[in-house]
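Participant: The ATP binding site annotation in Swiss-Prot covers 23, 24, 25, 26, 27, 28, 29, 30. Under the heading domain 'UvrD-like helicase ATP-binding', Swiss-Prot lists 2-285.
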């Protein structure tokens, strides 16, 4: 554990009981949870088979297994019980419940026959993530179901009312559940819900199984939905030793069913919850974190919680940039131009650049612009929604479309504080994907047929933390390309300018000498003839 900082060591070596580690962006969540596992085995003599660890993706589970096995080389992978919630529930039901079911991995086929099928499918998935018990009767009065419909339905792109949409969704949900039952199928949400039902309904099984589970570790705890949290509580019935690693500032899946008040819920359900914080960032330069910390300050103010800022010892002279485009086209062209400059002048590989979008439709439109430009290797670029980029990091990040009604998203009307807060946290997640170069791009247009204004989120950032670049209003759009942004401080720019000037002097001198040689050769030939 010599490589751990003091905050990480304090968390890893904590006593038994319920422990929460608030692990900020880039502060080593996976490292902390892997080291905790190893500490229990190597230092406390705990049997690894009595430790149960949960994460959210197969990739994350695999990475965690590989990290832990290196820390406890005397054990084998078979000794490690590290699962996604769904894979654990599937194994548990196969062994202790009805084992003749099949898993419906793709529900698209069922909903494809419905008008507005994609939206109806989303409602069903969100609702089933928000509950532990499915209530199919009186859905009109079910708050979780109504929330799922509200989160999904967008009146601006529909010919029906919100109420009509809820009725359609209720009909689709009942039909979907009947389809699953008739065909002996479970979807992923059912796996966890059924596991909870089985444990609650069989006290002997609950007692016997939880006797063997002495420690439970959960990664990305802030993304836990109600059924997953209920499962963790049930598994901790006999030995309530929980080690929960997460970041409340990265709660961006409330719309998908993650419990917004999960940390408060935990404190209500368990006594003497101990809290730890990790704030040393190993990803981003301090200039990027200064921008991130401004957003954290606003989040803390809204949530009325203690402010915990991130810090970094990574040195760089790069300065985050806010570019104010004067049109949507100008925004796209400027980003493309800057990507070329980063590659040519700063040596940043294209696969280490990312453009992050709030919506898929903006991603698709930008991809088309890149194709039309023809100079960038589209296959190497990382064009991602912010949700898809969570957990990733890149040398250079462009946050696209920081425009009111787009980011924050059009789907909220300002009345739901949780949604506005989640949008703000999404902005924070986008910023903290950047290792060295950060570009925040807004659009400002006011004309008879278009109106765009920069996102309110940009006002959260102190002016001295951003270098602002404004676009000129061209008579002919982009007749001349915008100049590349200065990414460094004035001192370094002066040094680069001097180097460039010296280089030009040598080039000019060489050209003069070459001309003299050519003239001499021509004169010699003339004289000889």
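Every residue, even glycine, has its Cβ placed from backbone N, Cα and C.
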Participant: Restricting to the chain of residue 27 (ATP binding site) and a gap of 6 or more, list residues whose Cβ falls under 8 Å of its Cβ, or answer none.
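Facilitator: When sequence neighbours closer than 6 are ignored, residue 27 (ATP binding site) has 278, 279, 280, 281, 282, 310 within Cβ distance under 8 Å.
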Participant: Around the ATP site formed by 23, 24, 25, 26, 27, 28, 29, 30, which additional residues qualify by having Cβ within 8 Å of the site's Cβ center?
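Facilitator: So the additional residues around the site are 31, 32, 247, 278, 281, 282.
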Participant: Tell me, if you would, which residue among 23, 30 (binding-site residues) has the fewest other CB atoms within 10 Å in the structure shown?
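Facilitator: Counting other Cβ atoms within 10 Å of each of the binding-site residues 23, 30, the minimum falls on 30.
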Participant: If you count other C-beta atoms within 10 angstroms, which of the binding-site residues 24, 26, 28 is the most crowded?
Facilitator: 24
Participant: Counting every protein chain present, what is the number of Cβ atoms, excluding its own, within 10 Å of the Cβ of residue 25 (ATP binding site)?
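Facilitator: The answer is 23.
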Participant: Sort out the sequence-distant neighbours of residue 29 (ATP binding site) for me: same chain, 6+ apart, CB within less than 8 Å of its CB, listed by position.
Facilitator: 21, 23, 219, 220, 245, 246, 247
